[in-house]
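**Q** Structure below; questions to follow.
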Amino acid sequence: LRDNRIELVRASWHELSISVSDVSLSDEGQYTCSLFTMPVKTSKAFLTVLGVPEKPQITGFTSPVMEGERMQLTCKTSGSKPAADIRWFKNDKEVKDVKYIKEEDANRKTFTVSSTLDFLADRNDDGAVVSCRVDHESLNSTPQIAMQVLEIHYTPLVKIISSNSWPEEGQTIILTCESKGKPVPEPVLWTKDGGELPDPERMVVNGRVLSISFLNKTDNGTYRCEAKNPIGRNSTEYVLIVH
């Protein structure tokens, strides 16, 4: 062996030891030690060199993604020998049923492996952390991980909350319009029976809150709250019956 990466560690009548530094894939193969007696005695050992996978990368993500759109995230790592294992997680929960592709690298010794996560964007995934985990025997049980935070835009979800489940004449009722969307919805619009609020002195809108004081039977009707953002609009209704 003539290579400046190989050093003689110990040489005696009983033992000959070498060390190989900066090991490369070309160092794999059969090594032979010979004892020059008559006849010559030899011993052989096969050295297997593992290919360490490169740090994985996630591609295919554009921000933001609209709810209902199909997302295809691909995770790829090269240089593993044998081929590395790729697993997907969403908020630390493993995602099954993913595509896995193994391709031979140009050196024909190592592999590039990739996996594709295919799903429809959902509002519940907004802010979720998607991670791609690469496991390989060369990593000593410390996997390599790539992460991507999802940003999903969606139409507002609207709900009306009433302060009084049994409104009576003379009382005050407060209707709160809760709207959740991304981007954050614009100020809500309140209407009654399809038109403007009929009595602005008693029916006061403050942000998302509609307050009706000194209730009377003319206030009976359907109150609608509508919220919108650049993605779309949504509304909900509350039927008021004054007792």
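Positions of Cβ are set from backbone N, Cα and C atoms, glycine also.
Under the heading domain 'Ig-like', TrEMBL lists 56-148, 156-241.
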**Q** Mind checking how the domain 'Ig-like' (56-148) divides into helix, strand and coil residues in DSSP?
**A** 6 helix, 54 strand, 33 coil
**Q** Using DSSP, how many residues in the domain 'Ig-like' (156-241) fall into helix, strand and coil?
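**A** Summed by class, the stretch gives 3 helix, 48 strand, 35 coil.
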**Q** Pop the mean pLDDT for the domain 'Ig-like' (56-148) in here, whole number is fine.
**A** 94
